[in-house]
Amino acid sequence: MASPQGGYPPQEGYGQPAGYGSPTQQHAGMAAGAPPQGHAGGKKKRAYAGEAFEIGSGANAALGGQLPAGGSYGAYPPQPQAAGYQQPVYGADPSQMNAAAPGYAAPATPGVAQMTQQFGAMGVTDPHLMPPQPPQAAVAPQAPRPVPLNQLYPTDLLTQPFNVAELDYPPPPIVLPPGTSVYPSPTANCPPKYVRSTLNAVPTTHSLLKKSKLPFALVIQPYASLRDAEDPIPVIPDQVISRCRRCRSYINPFVTFLDHGHRWRCNMCNLTNDVPQAFDWDAALQKPADRSLRPDLNHAVVEFVAPQEYMVRPPQPLVYLFLIDVSYASVTNGLLATSARCIKESLDRIPNADRRTRLGFIAVDSSLHYFSIPRDGSENSDPRMLVISDLDEPFLPIPGDLLVTLSECRENIETFLDKLQEMFQNTQNNGCAMGSALRAGYKLIAPVGGKMTVLSSSLPNVGHGSLTMREDKKVLGTSKESSLLQTANSFYKSFAVECSKAQVSVDMFLFSSQYQDVASLSNLPRYTGGQTYFYPGWNAARGEDAIKFAREFSDYLSSEIGLEAVLRVRATTGLRMNTFYGNFFNRSSDLCAFPAFPRDQAYVVEVAIDETVTKPIVCLQTAVLHTTCNGERRIRVLTLALPTTQNLADVYASADQQAIATYFSHKAVERVLSSGLEPAREALQAKAVELLSTYRKELAGGSVSGGGLQFPANLRGLPVLFLAMIKNLGLRKSAQIPTDMRSAALCLLSTLPLPLLIQYIYPKMYSLHDMPDNAGLPDEQTGEIVLPPPINLSSERIVPYGLYLIDDGQTQFLWVGRDAVPQLLLDVFGLPDRSQLRVGKQNLPELDNDFNQRVRAVIEKSRDHRSKGVGSIVVPHLYVVKEDGEPGLRLWAQTMLVEDRADQSVSLVQWMGSLREKV
């Protein structure tokens, strides 16, 4: 996408009631020099639509014929025009919003005045929300009253409906008073890709928070990529770590220096602390250093190299123990051969900079098969297999030789992996003693800690933690279904806690065409900082299945993980961390323990206001103490400063709808597992009603003019996100969803980083047959592939001759309309006739024409996690769907259209109507 002009919000911010989808804004945008979409196409594009319909009547067409925003509900506002790429509404291009600060050019001087007028005086020190300039530059002279916060812009949800483009806006700006940070650094406040608050203006009292009915929580994603090199942050190597004596907060950009710089006042608890003697000394150059250049005083996100006192024991090596299912199911679907080959091909990618990384292998059927792998250069290079059949008390036959150093045994590990498939290729064994294998693996790696990676195609049916086939199609869609989402065997929770205490993390890779009890197995990752990766109906004979797993597993093995990690959040006096959500073990009231700290998950922390806050700002500081893959103990510190307010309107105007939706996603999963599906769905609807009622009563004067439904512009997508959550695979009422699919969806709803979670709840849909001329091509400024504008998830948006991409981040659908013209099919699929088009899982052919290349570029770009500022190993499958093709596949794709009515659920129009009645 194009970079924002000047990097700061255009005049049409979240304000200007006309700003949402109004024709004036759209035409003004076009006049700004962007080609109007739909009409700007070359001859090819005209042909796609022109043979059957009038040109430019598709979803990306210009305004002609569409109702303006003031139309009745269901008449959507026009989708954003191509102009939106040059100068997006409210803030900045979302793809740029998380870019490193140097990516922004300094804004031209004109325009600052407009910005001041629009947002009030902004002393914002976050480069991702404001231009990089000294905070004082855009600030009005200090008045007795604090800096004005974000303005509240009321909208009517019925006459100005939600537009999907709003989900790409950055959160409401964090407006801090001038001079808040010790140095005027543009990176002093935490960027939203690491930490987002549900409220960017914090109520000073518990009673005001309670009155608002809004949650106060942080969405924390300490890492924005799988590898440090992809998202570098300042590292402070001198081991001079200055912390508050009382509250143990780390020195940060929001402290104040006293006594000629010899002491500093903590911005959390106000205690005065001494500045360490070495704080202003450059140990490398052996000379005094300039304090104003220290990263910990200029950057909200830093990493300290930790000295000895931060270690319970010396840093342990990275250990991967693979527990591989070798039963009949795993051999016949190709899992054994594919995983062995994939591990072999990824050995160079496994982090091993300190050459201490160790690997071990246990094969599992109704017995446990250990493998002793000799060092390279030994007389006998063949691996030895030792079989243990006692599943109740599995012992380690030769503990010393079962975990081997990758650097010392590299060749023999490869030899072993080459032979593994042959060893079991004729098996008829249907047993799977995975619970006993986990116990044995625990005994093997508990002394050092590490990761147990489970690859299984079977239900564990013998030994410890054995499970039975309990799925009953008759209870799906009934109140009894929720019991299937609970753990069937207490072993999985109690064993997970044991693992956590011994610094052992478990990741599950599950592949099955049969019931596998994901609900029970997913407890192991849930309490050990791991993840559950689910591949339903997987078979290596399908090339797409084999390639997807190979790419994901290779990325998984190459990810840099933190070991022996703990996470703690500290805050200004008066605030307390109340509840923590995510995959970890809560070791004490405020300490989360992670045997391994993953790079592809986010966490939610609910904040309570225990005492009245008297300061103009509050600070919340997240610290992750961990050992890197290279054996270095480090502390990653993320400091977020937020303004406080006594005014309910400020709280609502600064609320972040995506962070709020993320919080309620975690709450909903918790509710499903404790009370059931129906209570979780009802709680979401009740919350939507409560928020709308509160806003109407407290801020809209209690009256409803003309039967509307008032809500602030910055929260307009929230009711839609709640509906989309209720209709998500994990929560929706349906008798068609297999229990394993539902359980896997609940794992995603409680772990995905915010951008991926929002996309999983409300997928992206792009119209491809009439996409703008620049879509699918690299942007001139950034070199990034330009995506077409997203469109609302409604069948009203789909024309019968169209081609659409629907992408929820886990699965992609390429929807081919029943009247798609032959030229489109020829250009995209290389097929002259629609009847030859194969539906289902596939990859698009690489054809030598411009349109095919652009469509493939859009599909690939839509999969690109790094551009969203998150780490993820997932490579979505692409399913080709014909509108009049295979009914099951078509219905599955249509469940993504969350604004439509489908499978026992209401449409968006009905949902808004029911909210209106209840409010």
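From the backbone N, Cα and C atoms, a Cβ is placed for every residue, glycine too.
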Region 'Zinc finger-like' range according to Swiss-Prot, out of 244-269, 660-685, 790-815, 868-893: 244-269
Cβ neighbours of C244 (Zn(2+) binding site) where a neighbour is any other Cβ within 10 Å: 21
Site with most surrounding Cβ atoms, counting all protein chains shown within 10 Å, from the binding-site residues C247, C266, C269: C266
Long-range neighbours of the region 'Zinc finger-like' (244-269), counting only residues six or more past its ends (CB under 8 A): 125, 180-183, 185, 188-189, 275, 291, 296-300, 304, 570-573, 617, 619, 621, 623, 635, 637, 639, 641
Averaged pLDDT score, the region 'Zinc finger-like' (244-269): 97
Other same-chain residues whose Cβ falls within 8 Å of the Cβ centroid of C244, C247, C266, C269, the recorded Zn(2+) site, in sequence order: R245, R246, R248, S249, N267, M268, N270, L271, N273, R570
Helix, strand and coil residues within the region 'Zinc finger-like' (244-269) as assigned by DSSP: 3 helix, 7 strand, 16 coil
